[in-house]
Amino acid sequence: MGHVVDLPKKELGIDIEHDFAPKYEDLPKKKATIAELKKAAKGAAEIFLATDPDREGEAIAWHLGQIVGDGKTKRVSFHEITEEAVKHAFEEPRELNLKLVDSQQARRVLDRLVGYKLSPLLWKKIRYGLSAGRVQSVAVRLIVEREREREAFHPEEYWEIAAKLSDGGEFEAKLTEKDSQKVKIGTKEEAESIEKELKTANFLVSSIEKGERKRNPYPPFTTSTLQQAGVNVLGFSSKRTMRAAQALYEAGLITYHRTDSVNLSEKALNEIREFIRISFGSNYLPETANRYKTKVRLAQEAHEAVRPTRSEVASSELQVASDEKKVYELIWRQAVASQMVPSVREEIKISITASNYLLTANGSRLIFDGWEKISGKAGEEKTLPVLAEGEKLKLLELVPSQHFTEPPARYTEATLIKKLEEEGIGRPSTYAPIISTIQDRGYVSKEGRALRPEDVGKIVNDLLVAYFPDVVDLSFTAKMEEGLDEIARGEKEWVPIIRDFYGPFSEELVKAEENIDKSSLTTIAETDEKCPESGHPLIIKLGRYGKFYSCSGFPGCRYARPYIERIGMKCLTCGEGDIIIRKTKRGKTFYGCSRYPECKFASWDDPRKQKANESAE
């Protein structure tokens, strides 16, 4: 059902002077539902509030209790929608947990204060339609700062040398040391010099090391790790994964999917272990159940991990949509694999001397698949020929290869979610809508799976960093999250936490309003081109609909012209115009024809990739 009341859309809805009291209103779309509930409640002896088993659900239950009230309400909560779980919940109803309600209310008030106060400032100083948020702005900051690390990165050349060797069977070894020091090859000339020395050397097996390596299974999914796996394994957005998980939960097929816990109930453990014994045999079953500890900050472990409600039900048996089937399969494999024995590999390292050089070859052989039997995560095997220490090898070929150091990778949805959770920023259940919002606002766009900041995202971030450092500070935001957890545990009251934040924040708002210069803020770059009307240098600025050229002599000179970014391709529709990069009113990138409106070609996808794919076919 979701929330039935919320803060008003057209006003702050918080009485700052009276302990930040929130003013809730019935949601227009829920008025009919509220009327039905009131009518049904009149004739009821008891009213059970069975909303979701988390802070948000507790707050919804509290609001419903206020609406239907009369002291007849009891709270029931369950973590799976199965007959047994629901019956058990109704057998043991409880009172509402007002600490959880206070924690959710504090979060809502905090988010409203930040969003409602900052957004108009962004509209005035940058452009209409922008927004800021307590967690979304930190997410944008991470993406912007990573991009700037990439821009500042200077690649360094390095070389590697591999040797193809034979003792009857061919294998490859990599050059690793010279004179017992790690080898570093910076140029082609250095590589050629080493090659020359190796060509005349004798290659001898100096040592053979063998050992067994166990790989333990991963814990069952939390909300965060489920979203990460959705991105990495299925190629789904976090929003798409959570939508499928919601449908699976409502169908009674998985447990509640908003959880930080990696624990499984004793009942679930026993069922999964029995399934493993019957399906795979006792040798795949550890003596006792595998138990895991949550490693992330600020975890709330009241719930179970995400798991199937019945471990014996495979995805092939489900009558559900394709996305739901794929997400169920992911959850099922992870939960079952988490209770299996480790996989075992034989690891082999062969060291080979060649004059004063050392080369190494590594091999791996699966001895027992363990949990990898079900997980689909088995690594590739690399076999090596059977060799003996002191054996002389024949050099077949030396293979030098040039490389360059890589800049730090852009965040993907998966790595951003992982970073936010590690830093204790926000709640994992909010990550999907936040990542969706920063794309909808035009702050961030996707290149493949990578998240790349747009100009407007950089400008908004720089404003917030300069004038509202706490709002986008990772440790401050994590500390606020910790405060919300302390409220939930009954260790702190919510009003003092909000007051401590709002005092400095309101002062920063006044300073920002007075000191921010819109003109300098929206200037993206200077150019060498002169204004044809005044002779002043032209600058590139960010306007309501994207970038444009403006005279630096503004307001004395009002010359301006559109900024056209060509991609070096002719239009795929008319063949005459150039394909240019354009922006929607919301800042989202698309590709169009320079002859618009004569030619209506438009595409969300980069035509260069489209053409490359067609060529590959």
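Every residue gets a Cβ built from N, Cα and C, even glycine.
All annotation found in TrEMBL is predicted automatically rather than curated by experts.
Quick look at what TrEMBL annotates:
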type	residues	note
DOMAIN	1-81	domain 'Toprim'
SITE	HIS3	site 'Interaction with DNA'
DOMAIN	97-510	domain 'Topo IA-type catalytic'
SITE	ARG107	site 'Interaction with DNA'
SITE	ARG108	site 'Interaction with DNA'
SITE	ASP111	site 'Interaction with DNA'
SITE	TYR116	site 'Interaction with DNA'
SITE	TRP123	site 'Interaction with DNA'
REGION	131-136	region 'Interaction with DNA'
ACT_SITE	TYR256	active site, O-(5'-phospho-DNA)-tyrosine intermediate
SITE	ARG258	site 'Interaction with DNA'
SITE	ARG441	site 'Interaction with DNA'
TRP123 (site 'Interaction with DNA') to ARG441 (site 'Interaction with DNA') - Cα separation in whole Å:
12
Report the nearest neighbour of TYR116 (site 'Interaction with DNA') in space among the recorded positions HIS3, ARG108, TYR256, ARG258, ARG441, comparing Cα positions.
ARG108
In the three-state scheme derived from DSSP, which category covers ASP111 (site 'Interaction with DNA')?
helix
Please give the average pLDDT for the region 'Interaction with DNA' (131-136) in this predicted model.
93
Return the member of HIS3, TYR256, ARG441 nearest to ARG108 (site 'Interaction with DNA') in space, with distance defined Cα to Cα and candidates limited to these recorded positions.
HIS3
Cα distance (Å, whole number) from ARG258 (site 'Interaction with DNA') to ASP111 (site 'Interaction with DNA'):
20
If you measure from the Cα of TYR256 (active site, O-(5'-phospho-DNA)-tyrosine intermediate), which of the recorded sites HIS3, ARG107, ARG441 is the nearest?
HIS3
TRP123 (site 'Interaction with DNA') has how many other Cβ neighbours within 10 Å of its own Cβ?
13
Which residue, out of the recorded sites HIS3, ARG107, ARG108, ARG258, ARG441, shows the minimum number of other Cβ atoms inside 10 Å of its Cβ in this structure?
HIS3
